[in-house]
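S.K.: Reproduced below are the annotations present in TrEMBL:
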- 220-241: region 'Disordered' (REGION)
- 220-230: compositional bias 'Basic and acidic residues' (COMPBIAS)
- 235-266: domain 'Anamorsin C-terminal' (DOMAIN)
- 239-253: region 'Fe-S binding site B' (REGION)
- Cys239, Cys242, Cys250, Cys253: [4Fe-4S] cluster binding site (BINDING)
- 250-253: motif 'Cx2C motif 2' (MOTIF)
Amino acid sequence: MTSTAAIHIGSYAPAADTAPVGSSVTVIQAPTKESLPNCLSSMKSEALSSISIHLQYDELLTHYDSLALASLVPYLIPNGSISVHVVMSAADGAASTNSMDWGIIMTSFVLAGLKTQSEQRQKDGGRVFTAQKAAAPPAASSAPMRLNLGAKKSKVTLNLNDDDYDDDDQIDEDDLLLNSGNSGMLAPPPTIDMEARAKAAEDDCGGRKACDDCTCGRAEREADEEKKTADPLPKSSACGNCAKGDAFRCAGCPYLGKPAFKEGEEHLVLKLDDDV
C-alpha cells in the first residue's frame with residue numbers, strides 16, 4: 001500500500017472522495033500561505049510516494065507559495081511525484097484563465113529541484129501540473145586495496161609534528177640564483193676590458209670621432225675615407241679621352257667600363273632601376 005498526502009490550501013473543499021483505490025491518503029489542511037511550508041512537519045522524511053496540492057483558482061496568487069514547495073520535497077521518496085491541482089469554479093469563468101500567469105507553479109518546481117512532467121487542462125478550465133523528484137544517487141562502492149609488498153614487509157613512518165621539522169637540508173633559493181659559481185642560474189655579467197678592445201680596433205680615441213690630438217692614426221684614416229668619398233675617381237687620365245668612351249681611353253683610364261659622358265659630368269649618377 002502506497003502512502004500519499006493531499007494538501008488542501010485555503011478554502012478548497014473536495015466535492016467527493018477521489019483517493020485512488022488501495023492507497024493511504026492523508027489529508028492535511030493549509031488554510032494560509034504561511035502554513036504551507038510546515039504542513040507536513042508531523043510526517044516522517046521520505047515516507048510519501050506522492051503529494052497532491054489542491055487550491056481554488058482565485059486563491060492561487062494569494063495562498064500558493066513558490067518557495068514553500070522546496071520544504072515539501074524531503075517527505076517524498078526517490079522518484080516520488082508532486083501534483084498541483086488548480087480548480088475552477090463557475091464564478092471564475094473560463095475567459096479569466098487566459099490572463100493567469102501559470103509560470104508561478106513552474107517556477108516552484110524549478111526552485112524545489114523537481115523535474116516537470118506534464119501540464120493538463122481540465123474541462124472546467126482548471127490545470128494540473130505534475131513534477132517528479134530525482135532518483136536516489138547510486139551508493140558509493142568500496143573495495144579493500146591490497147598492496148603486494150613481497151615477503152619482506154616494510155614500515156613507513158610519517159612525522160606530522162611541525163616542531164621536529166628541520167629545514168637545514170632545504171635549498172636556499174636566493175643562494176641558488178645568486179651563486180657566482182658555474183652552477184649559478186643568475187651568474188654576474190662578464191667584465192669587459194675596454195683597453196683590450198680599443199687596442200684590437202687600433203683605436204685609442206674611444207669616441208665617435210678622433211681626438212684633437214690623436215696619436216693612434218685614427219684621424220689620418222678618417223681623413224683618407226672622407227677624401228675617397230668626396231672624390232672617388234680622378235677627373236681625368238693622361239690620355240685625355242676619358243669622356244669619349246672605352247674606344248678612345250687608354251689602358252690605365254679610371255673610367256674604363258663606364259659610359260661616355262660630357263666634360264664636367266664625371267660624377268653624374270644614373271638611376272637604372274626598373275620603375276615597375
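Even glycines carry a Cβ here, placed using N, Cα and C.
What you are looking at is a predicted structure, and each value in this text was computed from that prediction instead of being measured.
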S.K.: What is the pLDDT of the domain 'Anamorsin C-terminal' (235-266) when averaged and given as a whole number?
M.R.: 77
S.K.: Just checking, which of Cys239, Cys242 (binding-site residues) has the fewest C-beta atoms within 10 Å of its C-beta?
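M.R.: Comparing Cβ neighbours within 10 Å for the binding-site residues Cys239, Cys242, Cys239 has the fewest.
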S.K.: Test of understanding: give the count of other CB atoms lying within 10 angstroms of the CB of Cys253 ([4Fe-4S] cluster binding site).
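M.R.: Taking every protein chain into account, the count is 19.
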